[in-house]
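Taken from TrEMBL as is:
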type     : residues : note
COMPBIAS : 16-28    : compositional bias 'Low complexity'
DOMAIN   : 48-183   : domain 'Molybdopterin cofactor biosynthesis C (MoaC)'
REGION   : 1-33     : region 'Disordered'
Amino acid sequence: MELIFGETPPSSVMDSTSQTQESQVTTSRLDESQQSLSHVDVCGQVSMVDISSKADSKRVAVAGCRVLLGKKAFDLVAANQIAKGDVLAVAKIAGISGAKQTSNLIPLCHNIGLTYVQLDLTLNGKDCSVDIEGEVAITGKTGVEMEAMTAVTVAGLTIYDMCKAVSKDISITNIHLKHKSGGKSGHWSKNS
């Protein structure tokens with residue numbers, strides 16, 4: 001192999017070229033489970049899924065998470081006494097905004113026009129937490145699972161941001177998809 005100006009590259013470049021070629025050969029021999037990943041092409045390269053041939057359908061996703069506040073922060077949130085303002089109202093708005101921004105945050109998510117976003121934030125006195133549930137819907141060509149999970153995550157991060165002056169020992173936990181419906185894969189529920 002010669003460079004553009006006719007000089008032979010140093011052996012370290014040759015070694016890395018050989019490693020790259022070996023890697024490409026290995027990548028082309030992906031097992032069947034990896035080939036079925038929707039965001040990986042047959043050569044193992046990342047790619048955005050082409051959804052242009054899919055039919056529009058009603059798609060809904062529900063996600064959840066829990067923010068463990070600790071007693072002091074929980075009591076202040078419950079009494080609406082956090083200095084920055086109404087934590088639950090601001091977190092709800094942030095979660096809705098987060099759902100609408102998912103494709104800007106997650107590189108291979110499609111930019112889609114959501115038709116519905118709802119967040120419910122519930123105070124849980126048993127463990128001094130806030131339970132967050134987000135539902136997102138669209139009539140379109142791709143699902144909204146990522147938008148639902150982004151919504152609850154951004155709401156959780158907002159709660160942390162608004163309460164961090166009171167306590168840094170706040171945990172955002174159990175971010176998960178609870179339910180999805182619509183599209184080729186149909187209905188799925190975490191508890192089914």
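From the backbone N, Cα and C atoms, a Cβ is placed for every residue, glycine too.
Unlike curated entries, TrEMBL annotations are predicted automatically.
Taking H, G and I as helix, E and B as strand and the rest as coil, DSSP gives the domain 'Molybdopterin cofactor biosynthesis C (MoaC)' (48-183) the counts 45 helix, 44 strand, 47 coil. In the predicted model, the domain 'Molybdopterin cofactor biosynthesis C (MoaC)' (48-183) has a mean pLDDT of 96.
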